[in-house]
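Novice: If you scroll down you'll find the structure; I have some questions about it.
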Ligand SMILES: [Zn+2]
Ligand SMILES: [Zn+2]
């Protein structure tokens, strides 16, 4: 519309500009584009002295609020005609997440601001009847007596509880099962599906106002490693050691897996630095002139994205050669750690194979000679439920990892990533031998140039 001569000076009957409406619509790219024209300021108000920050707070759009607070674009203490700050507006709407962002940014002094009716944000929140208002009232009550310059910080208690829940839950079930003797197997069969359901039904973010990335899947991986190693060293190794050379290989390999796990957790996944942003564009107008997608501008990092780069909302980073956000590692897989990730998965496949093989050898060793009837098998599984349960879980994980590895190798062999992969490009025409060579060279040398598939312009950003 701007290219076709739309008049940017037009305001509506309430004096709202195009920028006000872009803020209400939640389109950060449009807001940034309008600001670039130099015809709008973030301090512009309508005839009721409502600022863009008031509007963002009223819609509950946390990303827009963060954008408007960045680089002090909007004054947090600005009041409208009724003397309400943006915190008053958010509190009246019961928007817990927006109130939390505003409090973190400004400190507790905003809690004591009164509008022209003499009401504080806490008063307004207390007048609301919804669950969110009740949740917000509890939150604001917690900070009302804090010093005015105190800035609340995220609490990590729930994060770490969630992280270690699978490990502790699994340990509790195994402990209960061990106390019930031969009924332990039945208890495991009942409680492990419940544990799995409570883990895999969770969202990508912890459902509190802090909206932290949910570490439950990383906790599941840690639980799997912890319980498998514990079972391996406590139960399996003493029974077989040192009769089987397989055990000695396993010890070395589990150490390797642990080292790779630690490394993949701390390695830079390929964060897009400001210096690496696409140099062809310096403003959104450049995108419009060159007929490029607005998605090339990341409104969260405020960077112009090169090809095959995507912003991950959970990591809050733009990732080069983005592959996927791995929930089990709670971080992205991209240019910086793709090779490391593949090697880690390969090592995990081998570790699971070793565990399953040694567990089968252990269970076979426990069967009395000449007596392999069904009833003896059931008695064996009931008595050796610890090894039997972990063997089953490791075997299921192994199947999933083989599928994952196949998908990953397919993407690497075709010169793309699993996110940007699209059938039909020429790389898919490579022979099987060429594809294997590409994968092996990638694993050995690491460097590669992602070129297949799409650049991401036609893809819908994954909202996680
Ligand atoms: Zn970004
Ligand atoms: Zn991520």
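One is the number of the first residue shown, and numbering goes on along the chain from there.
Including glycine, each Cβ sits where the backbone N, Cα and C put it.
According to TrEMBL, the protein has these features:
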REPEAT    48-70  repeat 'ANK'
REPEAT    82-105  repeat 'ANK'
TRANSMEM  157-177  transmembrane segment
TRANSMEM  183-200  transmembrane segment
TRANSMEM  212-233  transmembrane segment
TRANSMEM  245-266  transmembrane segment
DOMAIN    293-419  domain 'Palmitoyltransferase DHHC'
TRANSMEM  340-364  transmembrane segment
TRANSMEM  376-400  transmembrane segment
Novice: Excluding the flanking five residues on each side, which residues at least 6 beyond the ends of the transmembrane segment (340-364) place their CB within less than 8 Å of a CB in that stretch?
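Specialist: Distant Cβ neighbours of the transmembrane segment (340-364) are 228, 232, 235-236, 239-240, 244, 246-247, 249-250, 253-254, 256-257, 260-261, 263-264, 267, 323, 326, 329, 333, 380, 384, 387-388, 390-391, 394-395, 397-398, 401-402, 404-405, 408-409, 412, 442-443.
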Novice: Of the listed stretches (183-200, 212-233, 245-266, 376-400), which one yields the highest count of Cβ-Cβ distances below 8 Å with the transmembrane segment (157-177)?
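Specialist: It is 212-233, which has the most Cβ pairs under 8 Å.
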Novice: Summarise the domain 'Palmitoyltransferase DHHC' (293-419) as counts of helix, strand and coil residues per DSSP.
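Specialist: So the counts come to 71 helix, 18 strand, 38 coil.
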Novice: Six or more residues beyond either end and a Cβ under 8 Å away: which residues meet both conditions relative to the transmembrane segment (212-233)?
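Specialist: Answer is 154, 158-159, 162-167, 169-171, 174, 199, 202-206, 250, 254, 257-258, 261, 314-315, 327-330, 351, 355, 358, 386-387, 390, 393-394, 397.
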Novice: Please spell out the DSSP helix, strand and coil residue counts for the repeat 'ANK' (82-105).
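Specialist: Helix, strand and coil residues of the repeat 'ANK' (82-105) number 18 helix, 0 strand, 6 coil.
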Novice: Run through the repeat 'ANK' (48-70) and tell me, per DSSP, how many residues are helix, strand and coil.
Specialist: 17 helix, 0 strand, 6 coil
Novice: Which whole-number mean pLDDT does the model give the repeat 'ANK' (82-105)?
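Specialist: Averaged over the repeat 'ANK' (82-105), per-residue pLDDT gives 95.
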